[in-house]
Amino acid sequence: MIKSEWFYWLIGAIFLVMAVQMLLDRTNPKRYGTAAFWGLLGLGFIYGTWVVQDKAPPEPLGVAVLVMAVLGGFKLTGKGERNTTTPAERDASARRLGSRLFIPALTIPVVAVLCATLLKGQSLGGELILEKGSETILGLGFGAIVALVIGMFILRERRIATPINEGRSLLEAMGWAMLLPQMLATLGSLFATAGVGEQVGRITENVLPSGQTYVAVAVYCIGMAVFTFVMGNAFAAFPVMTAAIGWPVLIQGAGGDPHVVLAVGMLAGFCGTLTTPMAANFNIVPATLLELKDQYGPIKAQIPTAIPLLACNIVIMAIFAF
Amino acid sequence: MIVLLGVAVVILGFALKQNPLLVVAVAGIVTGLLGGLSPQAVIAAFGDGFASSRSVTIFVITLPVIGLLERYGLQQQARNLIGKLTGLTTGRFLTLYLFIRQVTAALGLTNIGGPAQSIRPLVAPMAEGAAERRYGPLPERVREKVKSYSASADTVGVFFGEDIFIAIGSILLITGFVNTTYGTQLEPLSLAIWAIPTAICAFIIHGYRMIALDRWLARELDAAIAKRETVK
């Protein structure tokens, strides 16, 4: 069976190779800090396999994460000179290769789709080919590898160092933002253990006037959005808000259809996700990947959609649940 | 009440534009210690959190091939292609992408798009190309806005499409939580159909804003072009 952990090892190995390249890159004024950051990241990806299986203590990884946070947070990482083609060379190459350039790029989604549909649940010799529940992640990984092979063939690029170097430049440009989504996931679990959710739920209950169903609908939806804004994740907000208002007030008290209340409640939370830097993988990572000057560019593009959409969710719940 | 101090650290940190990595690390340590965890347990939480959230970083595996293709002019070719489709404005193109992203996500294909796989190499250059065909080179501010809207089309599309698919995390989280906590027997499918009204609203609202982007581009850039002409 092909396991998702194998891909984490592959990614870890890529980070480690890049860390060595970074260490040797004399054009990078902060090459030691940069190499340490990406080296720890690579080791963490591999070591993490045993942490999720409870076969290794999480503390060494925790220390490594905090060291990475210090390296990234105090600007001890940097980037080297980018060794790539000029815009003019790219124009010429685009004219020469034409639409053949799209073939590898489109291979990634095609292979991902094939894995998620055709290969899913298929067995070979009594064993599942792809690990259950990881089909789309594995599909993305396979897609990227197949696309790389096809790409190197079409472009007649013989040196594997070329794509690794180009990938490294993209990663160096993103810098510490790479680590932020995983840090936020940790913060979410610490919030949960410390009981932040229960506190917010208690506060929301206190502001809720009794007996007014439609007000309660609005409080539930807005509460989901606000809580998600703070936590960066609707999944963290859902159990808390549902235990505080959704279930006792809207479903049990006012007799609302649980399907509508819960499905729309979650989507109200997603409106919060659109607006928060805490959801770094959706909002900050795109900004760094697109090399935007304004880190909050995507969020600013999304806020004017999130607010009316939240209002829509309140109306949808009010109409269809009661 | 005191555990909410961690939330305050986050809000204050982001408001004061401190480095988010440090803000989150400090907020996590503060919250964990105030919530009664030992320092060792807080450090362990950082390790566990990192290990179990590695899937959000998996897009890295696509970067070598994307970088290789960009080296050979993928972004330029994406622009050339859009330059030939004269009817496709920036806003219409992004609305089309929003639609495709919502429909494919509703079929469970959430990983076929994304900022690394589709937005940086293809969608953003095409959205810029459509505007350049009409108005010539774009000023930095306009370019940033077009790129930001490209990213938003992807995010809005995947958020308000994926919940229609029954085997997605958020729907399974709802049924898992409610069925174990309250002893109900909710079916994922009867929840997922209630994601459809919001999905339609999301398409209408965000699509409208994409079309509005076309009007904004016209206002901004026609004025800029007129100014250039008078200076000549």
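Keep in mind that glycine also has a Cβ here, set from the backbone N, Cα and C atoms.
The annotation transmembrane segment is assigned in TrEMBL to A:6-24, A:36-53, A:59-76, A:97-119, A:139-155, A:176-197, A:217-247, A:259-279, A:299-321.
Residues 7, 10, 97, 100-101, 103-105, 107-116, 119, 163 of the same chain sit 6 or more residues outside the transmembrane segment (A:139-155) yet have a Cβ under 8 Å from a Cβ within it. Sequence-distant neighbours of the transmembrane segment (A:299-321) (same chain, 6+ residues past either end, Cβ-Cβ under 8 Å): 214, 217-218, 220-222, 225, 250, 256-257, 260-261, 264-265, 267-268, 271-272, 274-277, 283. For the transmembrane segment (A:259-279), the residues of the chain that approach it from at least six positions outside its boundaries are 184, 220-222, 224-234, 237-238, 241-242, 246, 250-251, 295-296, 299, 302-303, 305-307, 309-310, 313-314, 316-317, 320-321, judged by C-beta separation under 8 angstroms. The transmembrane segment (A:59-76) shares the most Cβ pairs under 8 Å with A:176-197, out of the stretches A:6-24, A:176-197, A:217-247.
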